[in-house]
Structure formats: C-alpha cells, structure tokens
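Visitor: Handing you this structure, nothing more for now.
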C-alpha cells in the first residue's frame, strides 16, 4: 500500500468546508464554506488561497466553474441556483442572475437548502437538497435541464451528499448520509437518467449506527470511491465492485466533508473539513483543507457547468411536411432547404427576414438542394434516386429541372442503403453499402475527418478523409446512442459541425440536438427545439453564429401540431460554424 502524506493548505479555516472542485483548465481548486458564506480559490501555481463573500448571500452550498467563462460560477444559494461573477482575487463576488429554484411554494421545504452540487460528464448540474434535520426526509436529488430547469431524480432523502460518475462503466454513485450507505445506479450518458439502484456498501452494523456518517465522495481513474466520513477522522477508499474498504486515509479533523482529485497530474486528493460539530467549535486544524499525496492513484477530470443561454426563434416560413437539407450559402447570405414530401425548395433571405418557396416541375419529391458554384440561379437537387440541376431565380413559385448527371460535382448522397460519391464524369462511386437510413454528413478540414450517420445504426462514425480523392477509410464509432442494446426514444438524423470540430446532431423523436465532442465521444450540450422530429442543422448568418434547424410536421404520416415542421434559428450558442461549399458542376 502506498505511503501517503497529508498537508494542510494555506487557507482560512472554514465553518463548514464543502464542494471541492478541481478546475483542470485553470489549475485551481474551488470550494465553499457553507455557513461561513464564502467561495474560495486555491491556486496551485501560487500555493495561495483567495476568499470572497457573495453579496447579500450568507449561505453558499457549492461552486462550479461555468463552461466558456473563467470568471463565472454556478453557485448554490439556499434552494436557488445563481450565476456569480468573480475574478478569483477580489473579496466580493456578485450574483448576476438566478437560473432556477426548487420547492418554491411548499411550506414544508422552507428550511431546505442545496447541500452539494456537481456537473455530470456532459456538464448537466446535479443538485443535492437536504432537509433542516437529519430525521426529516424532505430532501431530493435534482438534474438541471434546459426546458424545465429541474427534474427530480430521487426524493425522500434526508441529507443528499456524495456524487460520482464512472464514465467507463456508465455508473453513478450517490450517498444519502442518513441511509448510511453508498448506492450505485445505471447512468444513461445520453439522457442523464439513473436507474437500477444497488447498495455498494452499508455502513450500519447489524442495524447499529457507526460513529461516523458518509458525506462527500469522489472517484479515481480505476473506479474506486473515496468517501469522506463526518465524525470519522478519515476517508474510506472503496472498491464498488466488491463493496470492500481497501484503504483508510486518516485526516487530522473529526468532520471530514468531501474530496476531489486535482493537481497537474490529478494525483493529489484535496479534502475539505468542518470546523464545527452541532454548532460547537472544534480545535484547529478543524475546518482546514488538506492535500493528500502519495496515494499512487489518479482521479478523473471534473466537468464545468454548461450554462449556455441560447435563444430559439421560428423563421417566417411555411411549415414543412419533412423539412431537411439546410444549406447556408455564404455568397448570397441565404438559407436553402427542402420539404422532401411537400416537394418544395425554399430560400430564407437573412437581409429581408423572408422565405421564398417553389415547386420543381413534375418532381413531387425533393431530397436536397445545393447552390451550384458560379451561378446563383442554379442548384443541384435530389429527385428520387436521381440528381438534377434546377434553375430558380429564388423568388418564383416554380423551378425548372434538367437532368445533367454527367456534370454533377462531388456530392455525397445516400442511395438504396448506400453512401455514394458522384464524380464530375457522372460516375457513381459507392463508399459505403448496407446502410439503412443514410443521414448526417460533416467534414473537419483541419483534421481531414469525415463524420457520418446511419440513423438505424444509432451511432455517429468518424472516417479518415482524403481531401485529394475524396475517399474515406478507417471507420471509428464516435458515439453509440444505444444503451446496453436498448433503443433510445430518438434516432440520430442530420448533422453539422462548428469551427472547433464539435458535432451538432439532430434527433428525430428527441425534441433537441446534441452537441458532441468527437474526440471524447461525450455529449457536451443539449439544445432544445419545440418540435419532436428534429431533422437537420446548418450554421449560418453573417458571422456563421446562427444554428438553423429544420424539423418535420409529420410522424408516420400523422400530422403534428405547430410549430412542428418549422425552421428555427438558434442564437447565443457561443460558437461559430464553417462555410458550406457549393456544388462544383
């Protein structure tokens, strides 16, 4: 067993130190003093701690850095969640906005507060609420969402505490302190839901209470749990597969509250403690924060809170039967898209904020539209299993189609359960066969990667892409949406890519898109759309910072109520797309 060393950090003693969060991006440890009402930052580089109070907020239960902004933090204040702005050095932080509250109206919850909070692997906040007394089971475990801000995952909890995720096994670990156990749940990385509870370890001894209570918790890279023990002077390292305690880590304070791995190599276990027990002050170093080194293990990176405040607005356009194929034309600042079964091609003009629609002569089904290079009034369109060139002035109600397969450019399209490349000489080259529903396509020109969705395979695949020949090779699954063989409630559909290489995947049946990091295969954001059948997306606008989203107005030939079939503009995502290419004919 490795010989560890425990050292106290240079920091003020806390009344109730809690919620340690190691921020990998800035190499800082953040934590709170709940009843001291402070947020704290320990700088590893400086070996120095900075402390601030939050204006008009005497009780702070957790602090989580916000994704994309080093000076914003999600904090727990009573039963509310706020966004605080802090430069990390000043003595005062300011709550700039509130983003939600639980149990607002029920009097029995009036003494409740959030006890802890963490961001799960995709940045969704998990919030732990506790009752005022250990005996009162009025606490709950919540998940934050975009549309209905809080979703209750577990109720009848006394003191909701430790949270930890094992991304390799899709397991979630949770402590209700008064239950005196650690529970394991199956964790759905797509929806964030938990199920199938199992007791990992029960600290009661034949019904007798131990001298300690399990409190906060973290996890190492091998999946072992590190459980802080209130009243125990230590943490337990626990193997969740066997339920056995494999190590005791002594801390020179009775009330050990929580822990987090940090440091440049994630091999330092930072431990918070409390300076009081039932309002009785404890002698120093109680309330200190400690660094435990030499454990011989490493932790996993903690996730920032994803608090993006995007806005979804419907474009002024006719509702579609099956809206698809959005293409932002940079040259003309127009969004083109089709209504497949409505048989229309459509142009949304950004400058006019107006949509023009046309049918194509004798063609009832149009599957895509791509502007042709060098001619603003010519478009490559999909008509059944054919590709043609349509002439349209962008305003008239009719376009004229002429078949010129021999002159089609390098277009990708699915046909008969396959993925094809059309060469300029009119020859079809099959790149992939045995496809059910060929869908999303995206390219990363910086890395020469091609991303592709076969909807019924329920995954996104990455390929090496040869920019000279257009050939693809070396398939790799980026993300598999099936959960242990079970089908989700949605199907991945169309897709686009941002300038940082993140994928935006539309979900048919999902009311949303997923933003996915293809390097990690993790969902980093959910973008809610007020329609069930979300079909595709494309970045556009003068700065390429508007995500245009198409939807369908039918499901299995059953009409859906408005705004189903609408086209939407999503702003405020904080990212930009890449320019889409015209067809070279």
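Backbone N, Cα and C atoms are what each Cβ position is placed from, and that goes for glycine too.
Heads up, TrEMBL stuff is auto-annotated, nobody curated it.
The domain 'SMP-30/Gluconolactonase/LRE-like region' annotation in TrEMBL covers 16-274, 322-392, 400-552. The divalent metal cation binding site annotation in TrEMBL covers 18, 161, 215. Residues annotated as substrate binding site in TrEMBL: 113, 115, 128. The active site, proton donor/acceptor annotation in TrEMBL covers 215.
Just tell me what is around each of these and how deep it sits.
Guide: Mean pLDDT across the domain 'SMP-30/Gluconolactonase/LRE-like region' (16-274) comes to 83 in this model.
Counted within 10 Å of its Cβ, the other Cβ atoms near residue 215 (divalent metal cation binding site) come to 28, all protein chains included.
In the three-state DSSP scheme, residue 215 (divalent metal cation binding site) is classed as strand.
DSSP assignment over the domain 'SMP-30/Gluconolactonase/LRE-like region' (322-392) gives 0 helix, 47 strand, 24 coil.
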Visitor: Would you mind checking how many other C-beta atoms are within 10 angstroms of the C-beta on residue 161 (divalent metal cation binding site)?
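Guide: Total other Cβ atoms inside 10 Å, all chains included: 30.
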Visitor: Specify the count of other C-beta atoms within 10 Å of the C-beta of residue 18 (divalent metal cation binding site).
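Guide: If we count other Cβ atoms within 10 Å of residue 18 (divalent metal cation binding site), we arrive at 27.
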